[in-house]
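Features as listed in TrEMBL:
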DOMAIN    C:2-160  domain 'Aspartate/ornithine carbamoyltransferase carbamoyl-P binding'
BINDING   C:SER47, C:LEU48, C:ARG49, C:THR50, C:TRP75, C:ARG110, C:HIS147, C:PRO148, C:LEU149, C:GLN150, C:CYS274, C:LEU275, C:ARG302  carbamoyl phosphate binding site
BINDING   C:GLU142, C:HIS176, C:LYS236, C:ARG278  N(2)-succinyl-L-ornithine binding site
DOMAIN    C:184-310  domain 'Aspartate/ornithine carbamoyltransferase Asp/Orn-binding'
Amino acid sequence: MRNFISVSDIGPLDRAVAEALEVKANRFAYKHLGENRTLMMIFFNSSLRTRLSTQKAALNLGMNVIVLDVNQGAWKLETERGVIMDGDKPEHLLEAIPVMGCYCDIIGVRSFARFESKEDDYQEKVINQFIRYSERPVFSMEAATRHPLQSFADLITIEEHKTVDRPKIVMTWAPHPKALPQAVPNSFAEWMNATDYDFVITHPRGYELDPRFVGNARVEYDQDKALAGADFVYAKNWSAFADPDYGKVLSTDRSWTVTAEKMALTNNAFFMHCLPVRRNMIVSDDVIEGPRSLVIPEAANREISAQVVLKRMLEDL
Amino acid sequence: MRNFISVSDIGPLDRAVAEALEVKANRFAYKHLGENRTLMMIFFNSSLRTRLSTQKAALNLGMNVIVLDVNQGAWKLETERGVIMDGDKPEHLLEAIPVMGCYCDIIGVRSFARFESKEDDYQEKVINQFIRYSERPVFSMEAATRHPLQSFADLITIEEHKTVDRPKIVMTWAPHPKALPQAVPNSFAEWMNATDYDFVITHPRGYELDPRFVGNARVEYDQDKALAGADFVYAKNWSAFADPDYGKVLSTDRSWTVTAEKMALTNNAFFMHCLPVRRNMIVSDDVIEGPRSLVIPEAANREISAQVVLKRMLEDL
Amino acid sequence: MRNFISVSDIGPLDRAVAEALEVKANRFAYKHLGENRTLMMIFFNSSLRTRLSTQKAALNLGMNVIVLDVNQGAWKLETERGVIMDGDKPEHLLEAIPVMGCYCDIIGVRSFARFESKEDDYQEKVINQFIRYSERPVFSMEAATRHPLQSFADLITIEEHKTVDRPKIVMTWAPHPKALPQAVPNSFAEWMNATDYDFVITHPRGYELDPRFVGNARVEYDQDKALAGADFVYAKNWSAFADPDYGKVLSTDRSWTVTAEKMALTNNAFFMHCLPVRRNMIVSDDVIEGPRSLVIPEAANREISAQVVLKRMLEDL
């Protein structure tokens, strides 16, 4: 694997899941692959799970890891070409990227949507510059429009817990006080559409996702109807995608919060969320703490999804 | 050893000191113990010595180390249950703790007293949540009421330098411009009370420590009297413990500063302080730079106390 | 090598370059040297290349690396002796330095000129305290007056690209919106003066560097004349050195920007800059992106210069 940006980079999902389960059972079996190899993790945004799980995955593989928080301890980076750089940003991405590439073998990048320009966000301007200029394999640690390490971990978690061949998966919007990117729901939709699960998306009107990610999923505006018979409930907030409301909060309607009453509508569904989660906005305390909550196993599988991706990249170096 | 929070976790002190001296003589002899083991160091507060010495100890033992500064590069954490999380904290400790536990074998936590609630502080709310929810062995890198890695390093340092079987140890309060927690003096008292040293505490009226930590120590309000015949002077500032002054600065009286004149009252005592130290508030330049100052050997022994603790935890994994 | 602060610490340059090229061809051949050895990198200022390349060099040598950003996650440090420390700095360098030394084998320090006192800057007050008090070998990761790892990497880059025995090297001042230290131009001059290259410095009047660094270099105030026949153009901004203008910006004259027209005056010269660079202030987009730009190879050689320095330090431990 050269780069890992979307579901299309991982190949057949059944093989990817099988490899994940094998790695999970024997995390240190591939330590020789990472010898004398350095991972550089570059964060333009905050991170807990991604920061920790990706480091752990790289250490499992015997790699060295260098972590760079771009906004702490490094120089602020200009991203536009042609600018007279007389402001507060002393370095340009066009130099910084190949320089970072010099000192490592593989690059992970986190760069969220900025909501300044929908076009810039949906063209994945930052991570695509890394792919173009770094001369190194690049993987997404959440980019503007996708979070594939999360979606892969979600898939592994569903495969570990499903009790029917073709479970019903419901991704439901839930309220949140601030505007969040669409990366996680876009990506989850993309991965679910690549399986043969019964996949339903539910959200208030106005929160339609980019049709390229919705694909063949069923969209249902009535949350209660959507939840009926669900085997897995995947909650997530996102801000509006459609113009002219791109990046805006249109609703904080707490009737969309996933509560025990909502879960009672399902087929004793598992509850999933990528974390971090706003309790009692997205989900009630009792649901997230309950016996059907998978939020911790999901997070634990982040180490596994990252390790499969790094392992494949190392094998192809 | 499962957790390391207080002196009661370390067992017989003579065995702990003997093990420390053995580790100090041969730091890399236990490198096999840490193979494929990851330490996660979680800081809610600033750190120099603890950050560096604990990393070094883990590296001596062949461990991988992941450092997380919660307030830099990660998400702010909510600590109260039942809250509607619509404010500035996007993640709850109840998710963050088990997630952190997923990616490591041992957790170190630094979480100071906040002085918002004496009850929360003295119940060690934060570190106890890590013990309860992380499913990993947890050790204190200074919690709200104790700093056991420091006290253990202090004990090693005294054992290395004492010239009589039962030295007189005087812990003296000294002035400081800001309110400091009681963790270091509490902890030092707890450890000294577990030895058979002659242990005296001196401070201005109003600075009485929690009686559970004072134990059988003699308390003397006249600093000069306390210092008479001392073999070791352990200086430290702390804020008031007793209600209604909990967490307050009652005095910045510089007649309590440890000066050459004060040290002249002692039995040519060694000077100790855990660092960081405010020069010419806590101690004069000449005393801290003088030949009887042990502040650097004390700090160097932080690597050793951390290594004994990690070694024992690794042995019991 | 005990310390690495200036060109005089590295010995004969031809041997240093030969060792660099050998290390570059076989980066992992000396991994045994760093076993059980810890590098501590201490940053008082921001860093991208130095942070990453020095870590990478240490990892190539099998060392452990601990990174400390003094202004993030550690305590603020007092640097003046005799102060009553009742302000915002809870720790003194005189304790912090030997403490840092306790936990490592080699120390790297970045501490820029502060422009508060020319005397303090040019006496290299901070890094000299590390040399004096740390009891460890110390190397500069850019100090107040020199940046020797950069100059060494520049020399390697010139040696790799020169096509005549004695190339003409022109260091030219270029405009920049903020006051920058003289460390890079001082250091580059010092290293060039230690070769037999034809070395010319050009800058507007008022920007004369310290004569101890200028040495026997030719100084030419007409940039066009200086550039004539150049084989290498080394662009850099610096603030005034001479009193009473020390540390001031005297000009932001963009007629000194290195453009294609300026480069046309040279002998098809290579363009060099240490980075970070302000595009269209220091250099135009087309020059820095053009085929004669060496900025990325220069940066890549930072790993090599650091590795030679660390290798020699390890050999002499």
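The backbone N, Cα and C atoms fix where each Cβ goes, glycine too.
Please treat TrEMBL annotations as automatic predictions, because they have not gone through curation.
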For C:GLU142 (N(2)-succinyl-L-ornithine binding site), the three-state DSSP class is coil
Using DSSP and three states only, what is C:LYS236 (N(2)-succinyl-L-ornithine binding site)? strand
What residues, ordered by sequence, lie under 8 A Cβ-to-Cβ from C:LYS236 (N(2)-succinyl-L-ornithine binding site) and sit at least six positions away in the same chain? C:MET171, C:THR172, C:TRP173, C:ALA174, C:VAL184, C:PRO185, C:PHE188, C:HIS273, C:CYS274, C:ILE282
About how far apart, in whole Å, are the alpha carbons (Cα) of C:HIS176 (N(2)-succinyl-L-ornithine binding site) and C:SER47 (carbamoyl phosphate binding site)? 18
Could you give the mean pLDDT over the domain 'Aspartate/ornithine carbamoyltransferase Asp/Orn-binding' (C:184-310), rounded to a whole number? 98
Those residues of the chain, 6+ apart, with a Cβ under 8 Å from that of C:ARG278 (N(2)-succinyl-L-ornithine binding site): C:HIS176, C:PRO177, C:ASN237
Report the same-chain neighbours of C:ARG302 (carbamoyl phosphate binding site): residues 6+ apart in sequence with Cβ closer than 8 Å to its Cβ, ordered by sequence. C:ARG49, C:THR50, C:SER53, C:THR54, C:LEU149, C:GLN150, C:ALA153
Excluding its own, the Cβ atoms lying within 10 Å of the Cβ of C:LEU149 (carbamoyl phosphate binding site) add up to 28
List nothing but the largest Cα to Cα distance in Å, as a whole number, among the residues C:SER47, C:LEU48, C:ARG49, C:THR50, C:TRP75, C:ARG110, C:HIS147, C:PRO148, C:LEU149, C:GLN150, C:CYS274, C:LEU275, C:ARG302 that the record says bind carbamoyl phosphate. 30
List of the binding-site residues C:SER47, C:ARG49, C:TRP75, C:LEU149, C:CYS274 facing chain B, defined by a Cβ pair under 8 Å: C:TRP75
Provide, as an integer number of angstrom, the distance between the C-alpha atoms of C:SER47 (carbamoyl phosphate binding site) and C:GLU142 (N(2)-succinyl-L-ornithine binding site). 10
The DSSP breakdown of the domain 'Aspartate/ornithine carbamoyltransferase Asp/Orn-binding' (C:184-310) into helix, strand and coil residues is 47 helix, 20 strand, 60 coil
C:TRP75 (carbamoyl phosphate binding site) and C:GLU142 (N(2)-succinyl-L-ornithine binding site), compared by Cα position, are separated in whole Å by 21
Taking 10 A as the limit, how many CB atoms besides its own sit near the CB of C:HIS176 (N(2)-succinyl-L-ornithine binding site)? 21
Cβ under 8 Å from chain A, restricted to the binding-site residues C:SER47, C:ARG49, C:HIS147, C:LEU149, C:CYS274, C:ARG278, picks out C:SER47, C:ARG49, C:ARG278
Look at each of the binding-site residues, C:ARG49, C:HIS147, and point out the one with the fewest other Cβ atoms around it within 10 Å. C:HIS147
Excluding its own, the Cβ atoms lying within 10 Å of the Cβ of C:CYS274 (carbamoyl phosphate binding site) add up to 24
Its Cβ having more other Cβ atoms within 10 Å than any other among the binding-site residues C:SER47, C:TRP75, C:GLU142, the winner is C:GLU142
